[in-house]
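Report on the following structure.
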Amino acid sequence: MGETATILTEVFFETIAYWWVIVPTIFLGLIVGGIPGFSAANTIIILMPLTLAMDLETGIVFMVSLYCAARMGAGIPAILVNIPGTAGAAATPLDGYPMAKAGKGQQALSISFVASCIGGLLTTIIALATMPILARVGFYMHSVEMIVVMLFGISLIASIAAQDLLKGLIAGFFGLMIGSIGTDVVYATPRGTMGFLELYDGVPLIPALVGLFAVSEAFIIIEKRVIISEDAEPKHPNWHDTIEGVGIALKRWWHIVWTSVIGLAIGVVPGAGASIASFVAYQQSRTYSKTPEKYGTGHPEGLIAPESANNGVTSGTLVPLLVLGIPGGATAAIMLVVMQFHGVSFGPALFENQPKVGYGMFMAMAVSYLIMFLTILPLSRYMSHVTTIPTIYLAPLIISFTLVGGFVPREYMFDMYLALCFGVLGYIARRTGYHVAAILIGVILGPLLERYFLLALKKSDGDVFVLFSSTLGNILWVSLFLSLMLPIILKWRRARRNEEVPAE
Amino acid sequence: MKTLDRRGFLKTSAGAGVMTLAAPTIVRAADFPERNIKVIIPTREGGGADRNFRAFAEVWKDKLGTDFEPGFFPGASGRVGYEVYMGKEEPDCYSLIFGNMGPEVLNWAMQEPSNFSVDDYFYFGRVDVDPGCLFVGAESGLQTMDDIIAAGKERKLNVGTSRMAHPASIGLLALGEATGAQFNLIPLSGGKNTVAGAVTGEVDFSVLTSGSVIAAGDAVKTLLVFGENRVGEALDNAPSMNDAFGTNLPEMLSSRAFAIHRKAAEDYPDRFAKLQESFKATFEDPRLLESYVSLGGTPEYLSYGGVEECAEFMQAMLELGAKYKPLLTGA
């Protein structure tokens, strides 16, 4: 224990000494995270020759800072202009963008930064302290259990559908149908691809994401003068709003804590990602809220939940990488390649043979979050100017920016057209009262649900009772049932209480 | 003063004619490559193919005098990458595909896409040979082949594989035939998930390309190799299947190789010759081994192969694919 504390202290001071790497990397991460289509993973790949040329410590600090900052950066355009930079930020605009439209973009950014930094820092510390236990989570979360986790996220469709059940469910099922396009996970047989080679690997997420959210939003805002509502009070960005946002977030510290832990728990399962965590955290946050009706209208807790959770995933993905040698996600897989180049061998022996490398990765993450908190928060004042740019400039900028973003991950022209198609689809959905988020949840979580479902069925030779074959799975089923019933029970109790207290 | 007689004139003219006719070819060959060479990789970034490609391209680029630009097109068990290469890339020797001959040829045998024939491209440069192997998680209750065979006779064991159409999957099916044990192949989409499946107990054990298993270190234990164990201790001294069970199975290899449009090689033989020569020269450079090992490659697996070796391997895979097609496609 004493030896570990000494190593941690040493590593902490050594990491702080790399501030000159961390600070510029944070800004690079914010930029690549904010541009749809770019991510920490493809940036590390693009900069691979540079990363390989760095010494091991510098390389670790660079990759980890970039990873954290890119995750946080994805939330900025999601809040300000309704463009989630990655699938992990897809739940952020649900409440972030309505805040920006109401003239509270600066507060929303502050809330997002505080939730991300505290969520990320806290889960890093928890991960560091409980690594051997957390690494075991993957031993219990198999395909059956993951099906239930997916259903937690997908049940958000029902919550969204609450305002107009039929339209919400139609949108959700439509999203699930789009999500089933592509080759099946067992025999790789193409389904519903309409002969397009580009759809063999499924509907690409980034074009769907930017199309449904950003392009359709650009079509909408072109009808207005600026993004913020005309009845919102026009004011110049000021420090007061930033501090107010920090206050709003800190007041909800417990919310940050438990939603980030959801992210951590999902992040440690190999293959599960930030998109699942952010939707599950949003759904749970809404379920246990005293004011669920405020979600989707610019409610701070609706913004805190996905941002804390997706930063919790960031720390979670390092656990299976370091303890088991299994990368939890795409960025962790690239880190593995770079670190193997430097002779690091992951797995159970890492903390015995090279403890400074193992602890160093977590410490780099913790220090990055600390420095990010200090460097990014003041920027919210300037970033929120975006919402006051006249839409005649902003709408074309959003469309061109997102089309390029749609193109970047696979470099297919097809993906740009697809983003436009999703944009038109999103525009029609908005104009006819269908919720685009319900479609998107289907598109993002549908293929993952199908994958786990088919694997579970394949393992059981087609026996559907496999879904109730594990103790943990059954506990999760009961939790899911309770979580779906709770809002109905609470609503019924409230209605009953109102009946008992006669109106004055 | 010497004058040009009729015979001299004819000789000079003939020589000049030959030079003139040959000039474009010579110039073309001398000028090739004038730009970077695009390489389609039909798997994701960060995987084994990415690693091997980077290691090889690092040295090959100096031999050829140009850089290589990788483009990753994963999906449909490699089919997307091949469709992109055959359908969208010009057959001019400026684009290649770096694939895994074993699983990708098998995948072709399973699906037989109508857009192009398997003869429309061919592999010309093999980089490595990596036999498939069978391994368990370090904490698995099945720690020996005897445990596996005994358990496989009592119940159907779930076995993780990277994809159904994979040489290691065929190795497992052959093991089932030889021992009477029952196995249920579970495609886990990629090497990392296949390792994770065995380690975390999602499946009873897994089969995979051994290079990826070596990289997983102590988290796994190898019990059987579907070919020769070239690395001994690194694969826990696991025996080959033929030695352990008296079978006569050809090596179930993942074998990464560069391929090219057949039309490109026929239309630009000079360019293709330069690609082949520089490819071979890369193998003679000691930097290749350094680069390959530094990126996590297993030095024993680095193995040069030309057009003939690749064609022979491809044919063997097509025959095995036809034999096991019903089991690998669920048809």
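Heads up, the Cβ atoms here are built off N, Cα and C, so glycines get one too.
Note on the transmembrane segment (A:18-48): residues 57-58, 61-63, 65-74, 76-77, 83-86, 206, 209-210, 214, 329-331, 333-335, 338, 364, 367-368, 371-372, 375-376, 401-402, 404-409 of its chain, located 6 or more positions outside it, place their CB under 8 angstroms from a CB of the stretch. The feature transmembrane segment is assigned by TrEMBL to A:18-48 (among others).
When averaged over the domain 'DUF112' (A:24-440), pLDDT in the model lands at 84. Under the heading domain 'DUF112', TrEMBL lists A:24-440.
Per TrEMBL, transmembrane segment is recorded for A:108-131 (among others).
Summarising the annotation, TrEMBL assigns transmembrane segment to A:143-162 (among others).
Within the chain, the transmembrane segment (A:168-187) has long-range Cβ neighbours (under 8 A, six or more residues past its boundaries) at 154, 157-158, 160-162, 193, 199-203, 208, 429, 434-436, 438-447, 450-451, 454-455, 458. The transmembrane segment feature in TrEMBL is assigned to A:168-187 (among others).
Residues or ranges marked as transmembrane segment in TrEMBL: A:199-222 (among others).
Sequence annotations record features per position, and here TrEMBL assigns transmembrane segment to A:256-282 (among others).
Long-range contacts of the transmembrane segment (A:318-339) within its own chain (CB-CB distance under 8 A, at least 6 residues past either end) are made by residues 39-41, 44-45, 48, 51-52, 56, 59-60, 63-64, 67, 127, 131-132, 134-135, 138, 267-274, 345-348, 350-351, 357-358, 361-362, 365. Taken from TrEMBL, the feature transmembrane segment applies to A:318-339 (among others).
Annotation source TrEMBL lists transmembrane segment at A:359-379 (among others).
Annotation source TrEMBL lists transmembrane segment at A:391-408 (among others).
According to TrEMBL, the feature transmembrane segment maps to A:414-429 (among others). A Cβ distance under 8 Å defines the sequence-distant neighbours of the transmembrane segment (A:414-429), meaning residues of its chain 6+ beyond its ends; these are 171, 196, 198, 203-204, 206-208, 210-220, 399, 402-407, 435-436, 439.
Beyond the ends of the transmembrane segment (A:436-454), by six or more residues, the same chain brings 87, 90-91, 94, 143-144, 146-147, 150-151, 153-154, 156-157, 160-161, 168, 171-180, 182, 184-186, 202-203, 205, 208-209, 212-213, 216, 275-276, 279, 296, 425-426, 429-430 to within a C-beta distance below 8 angstroms of the stretch. As annotated by TrEMBL, transmembrane segment applies to A:436-454 (among others).
According to TrEMBL, the feature transmembrane segment maps to A:466-490 (among others).
Sequence-distant contacts of the transmembrane segment (A:256-282) (same chain, at least 6 residues past either end, Cβ-Cβ under 8 Å): 71, 86-92, 94, 114-115, 118-120, 122-123, 126-127, 134-135, 137-138, 141, 146, 149-150, 152-154, 156, 205, 249, 295, 302, 304-317, 319-320, 324, 326-329, 441, 444-445, 448.
Taking Cβ pairs closer than 8 Å, the transmembrane segment (A:391-408) reaches residues 35-38, 42, 81, 83, 85, 204, 206-207, 210-211, 214-215, 217-219, 221-222, 224-227, 415-416, 418-420, 423 in its own chain, all 6 or more past its ends.
Stretch with the most C-beta contacts under 8 angstroms to the transmembrane segment (A:466-490), considering only A:143-162, A:199-222, A:359-379: A:143-162. Nonlocal intrachain contacts for the transmembrane segment (A:359-379), taken as residues 6+ away from its ends with a CB within less than 8 angstroms of a stretch CB, comprise 4, 7-8, 11-12, 14-16, 18-19, 22-23, 25-27, 30, 57, 60-61, 64-65, 67-69, 72, 110, 113-114, 116-117, 120-121, 124-125, 127-128, 242, 246, 311, 314-315, 318, 322, 351.
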